[in-house]
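TrEMBL annotations:
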- A:52-396: domain 'Amidohydrolase-related' (DOMAIN)
- A:HIS60, A:HIS62, A:HIS206, A:ASP294: Zn(2+) binding site (BINDING)
- A:GLU89, A:ARG141, A:HIS179, A:GLU209, A:ASP294: substrate binding site (BINDING)
There are 2 protein chains.
Amino acid sequence: MKTLIKDVALYKDHVITEHQNIEVTDSVITGFPTSPQAGDYDEVLEGRSMLALPGFVNTHTHIAMTVFRSYADDMQLMDWLEKKIWPAEDKLDSDVVYAQTMLGIAEMIRCGTTSFADMYFFMDDVARAVEASGIRAALSRGLTGVTPNAQQALQENKEFYKTWHGKADGRITVMFGPHAPYTCPPDYIRQVVEAAGELGAEVHTHLCETKGEVDSIVKQYGKSPIALMDELGLFDCGCLAAHCVWVDDADMDIMVKKGVRVAHNPGSNLKLASGIAPVQDMLKKGIVVGLGTDGASSNNNLDIMEEMHLAAFIHKAHTLDPLVVPAESAVNMMTEAGAACLGYTDIGKLETGYKADITLVDREGLHWYPKNDSMSLLAYSANSFDVDTVMVNGKVLLKGKEFTTLDIEKIKAEAERTKEKLFSAL
Amino acid sequence: MKTLIKDVALYKDHVITEHQNIEVTDSVITGFPTSPQAGDYDEVLEGRSMLALPGFVNTHTHIAMTVFRSYADDMQLMDWLEKKIWPAEDKLDSDVVYAQTMLGIAEMIRCGTTSFADMYFFMDDVARAVEASGIRAALSRGLTGVTPNAQQALQENKEFYKTWHGKADGRITVMFGPHAPYTCPPDYIRQVVEAAGELGAEVHTHLCETKGEVDSIVKQYGKSPIALMDELGLFDCGCLAAHCVWVDDADMDIMVKKGVRVAHNPGSNLKLASGIAPVQDMLKKGIVVGLGTDGASSNNNLDIMEEMHLAAFIHKAHTLDPLVVPAESAVNMMTEAGAACLGYTDIGKLETGYKADITLVDREGLHWYPKNDSMSLLAYSANSFDVDTVMVNGKVLLKGKEFTTLDIEKIKAEAERTKEKLFSAL
C-alpha cells in the first residue's frame, strides 16, 4: 500500500517548507519525492493549503476519566476526590472504561493526536480500544502502594506487559505506572523498579504536581521527591514524569543526568491550581518536555493543540519574559519531544524510515489570514478544529475532518449509556 | 419579521434550562413562549442540541491589526514596536484598514461575537465595515497626546462621534479613545474629558498594562495611573479600561467608586508577558470585568471563547486557589458583563425587551460528551468551532457554521491583497 500526500507544507527539521510531497509505504514514511506520479500510488491525499506535521503526542492522560468530564468542577481538590471521584471510580467496570476510552480516543484523533500515554485501571479494556481504534499508545496500570490491592495491581501491570507490549502492529507499548511518591512508599517503588527492570519496561509516574505534596515528602524523607525517586532507582528504568511543577535547580540537574522526560500539563495545572511548571528552565537545561492534557475531569477536554497554545502563553507571563517558549518550542513539545517522552525512537519526525504518524492542519480558516508566518499561526492562532487529516501507522483515521473508520454516533451513545449506568450506581 | 428559536437550552439568570423557546420580533427579544406555533413565525431556527447565550462581547481590540497577525512574534516589546509595528502602521491606509477590519469582524462572528469595542485609526472605514457586516460595535479613535497629530486626532474623534454615534440601526456607538497615561499627558487628558463631556460620550483607554508603565507614572506624578486618571476626571465620563494588570487595592477601590469597567485580555497579557491581572479581587469588589482579545498581533486570534477559557484557568494557578473564577463567572464575563463594559443597557441578557444578539452553541462535539454539566462544559471544554448560529440585532449572520451574508472568500482575498500592498511599501 503506497500513499502520497501531495503538495503540502512540510514541517521538517523545525522549519516549514511549502509545496512538498510525502510518500508513505505501508506503515512507514519512505521519501519526499519532488515529481511524484499519481499513478504510482494506491491513494493520493491532496495537501494543498495544508500543513503536515508529525502526529501530535499526548504525553499524559487518564483516558477513561472522560466519564467525569464536567461532572464536578470548581471544588477543592480533596473535596472533589473524596466526595466525587473516588466513590465513582470505585464503581468503574470494564464496560464503562472501554466506552469512555473509545470516546477519549475519538476526541484525541479529532484533535490531531496520534499517540498518547495513559495510566489508569482496566487496562486490558484500554488496550482493546487502542487496538480497535487504530491510535498508538504507551499504556500503564496505575499502581498505588498504600491501597490493599497494591500487590495485585503490580501483578496486573506485569501480566499486562506480557500480554500487550508490542501488540496491535506495534502500536501498543506497555510501561509501569507507579502513581506518585505520596501513594507509593519506598519499598513499593523498589518492587516496581525490580519488576520493570526484569521486563525491560519503562515507567510513567506523577512527580511534584503540588507544593503540598513536595513539602510532605521533604518532611517525611528529608529530600525532594525527585531526589527520593532517584535514590530508589526509578529513573534508571527510563522515566516519563507528569507535571514537575514544583522542581528546583537541584531536581532539574538530577532529571537532566537521568534523562527524565517531562509531561507538561498546563491546562490541568492551571485548572487544579497546582501552579506553573518552570518549563523555560527545563528547556534551557535540555530536559525533554512534552505536552499532556491529563484526564478530562481536570482539563476538561483532550485537545493537545490547546495545551500547545497554553504552553506558548503562560510561561511568558509567569516569568515576565516574552521570549520564553517561542512558537517553535511549543510545536516541538507537541510533536518530536512528545514522541521522545513516550520512549519512541522512530516516531515524532517526518523523516524517511520513521513511522507514518502524520497530522495535516488546514490553513484556510479566517484565523490563518493574512498569510504571515505559518509557525507562529500554528502556535498562537490555530485551534484543533483546523485538523483535517490524521494518519497513524500509515492508516488514515480522519480525512476532511470526518472519521474514516470509527462510528462516532455509536461512540457518543455508548459514552452516554455507560455514564448513566455508573452514576445511577452511586 | 418574527423569528422563533425552538427547543433550545437557554442561558438566563445565570442558569441553563433545557427545552425553551425564544421569540424575536425585528431586532428585539419579545418572549419565551411555552407552546409556540411554527406558522406564527417568518423563520424558525431549530435549537435542538444547542445552547442559546447572549451574543459574546469582545471588550477590547484593535481590529485592523489582523494584518499584523503572526507578522512578527517572539520579540521584546520595544523591538517589536519600533522595528516592526510602528513603521508598518505608518503605511496603513483606508483600503487596508477596511479589508483587515472585515477579516477581523468575520472571524469574530465565526467565534460567536456579536459586539466589540475597538480603538484604532481610519475609524470611518472601521464604521463602514461594521455597518456592512451587521455586527455591533463601540468604536473609538485612538488618541495620543505626545504625537504631532494630537489635536487633529481629537478633532477626528469628535467628528467621528457626530457622524456615526447611534448609526447603522443603532449598532454603532462612539467613544473617545485616549490611548494611555504614558502617551497622553494630563493636559491632553483634560481636553479629551472636556470633548467627551460636551458630547456625552464615554471613553475607552489602556490602563496599567505593564509594571514598567505603572512605575514610570508613579515616578513622574507621585501617584498611580488610576489615581492620576481619577484626578483628571477621566472616570467621570464613564470609562472602559483595558488590561488593569498592575492595580492594587487602593486603585481597585477608586475603580469601584467610579464604576470603571475592565476589559480583561488574558491572551494578550500572557503572550506579551505583561502579567496576570487580579481578576479574582476585582470580581470580589464588584468591578465589572469583561473579556477582550486585544489586537490579533498580540493574541494571535480574535477568539473570545478562548479568552473565556483562559480567564477560567489562569487565575486559579496564579492564586493557587481552584475556586476563583468558576465556570459561571467566566461565562458571565463573556456575555452580560461584557455588554455592560461597552455601556449597553439593553444587551447582554436573553430577556424580553433586550436586543436580539444571540449566539447558539452546538453541543454535539465529542468534547461535550458525556452530557454532564453544560455550564462547566461551556467554560472548560468547548471551543469557538462549536458556535453554530449568530444573530445580531435580530438578523442571522451565521447559521449551521456558515456565513449567511458575508462573502468569505472575497474577505480572505482582500485581506491578502492589502497585506501584500502594505508590506511591499515598507
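Glycine too: its Cβ is placed from the backbone N, Cα and C atoms.
Just so you know, TrEMBL annotations never went through curation; they're auto-generated.
Shown here: features listed in TrEMBL, placed on the structure.
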residue  : record                 : DSSP (3 states)
A:HIS60  : Zn(2+) binding site    : strand
A:GLU89  : substrate binding site : helix
A:ARG141 : substrate binding site : strand
A:HIS179 : substrate binding site : coil
A:HIS206 : Zn(2+) binding site    : strand
A:ASP294 : Zn(2+) binding site    : coil
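On its own chain, A:GLU209 (substrate binding site) has A:ALA180, A:ALA242, A:HIS243, A:VAL245, A:TRP246, A:ASN269, A:SER274 as residues at least 6 apart in sequence with a Cβ closer than 8 Å to its own Cβ.
The Cβ of A:HIS179 (substrate binding site) has A:MET119, A:GLY142, A:LEU143, A:THR144, A:THR205, A:HIS206 as same-chain neighbours under 8 Å, each 6 or more residues away in sequence. The Cβ of A:HIS62 (Zn(2+) binding site) has 22 other Cβ atoms within 10 Å, all protein chains considered. Averaged over the domain 'Amidohydrolase-related' (A:52-396), the predicted model has a pLDDT of 97.
The binding residues for substrate are recorded as A:GLU89, A:ARG141, A:HIS179, A:GLU209, A:ASP294; their greatest pairwise CA distance is 21 Å. Between A:ASP294 (Zn(2+) binding site) and A:ARG141 (substrate binding site), the C-alpha separation comes to 15 Å.
With a 10 A radius on its CB, A:HIS60 (Zn(2+) binding site) counts 29 other CB atoms from all the protein chains. Taking the mean position of the Cβ atoms of A:HIS60, A:HIS62, A:HIS206, A:ASP294 as the Zn(2+) site, the remaining same-chain residues with a Cβ inside 8 Å of that point are A:THR61, A:MET119, A:ALA242, A:HIS243, A:ALA263, A:ASN265, A:SER268, A:GLY292, A:GLY295. Looking at A:GLU89 (substrate binding site) and A:HIS60 (Zn(2+) binding site), their Cα atoms lie 19 Å from each other.
Distance from the CA of A:ARG141 (substrate binding site) to the CA of A:HIS62 (Zn(2+) binding site) is 10 Å.
Burial estimate for the binding-site residues (A:GLU89, A:ASP294): highest at A:ASP294, by number of other CB atoms within 10 Å. A distance of 13 Å separates the Cα atom of A:HIS60 (Zn(2+) binding site) from that of A:ARG141 (substrate binding site).
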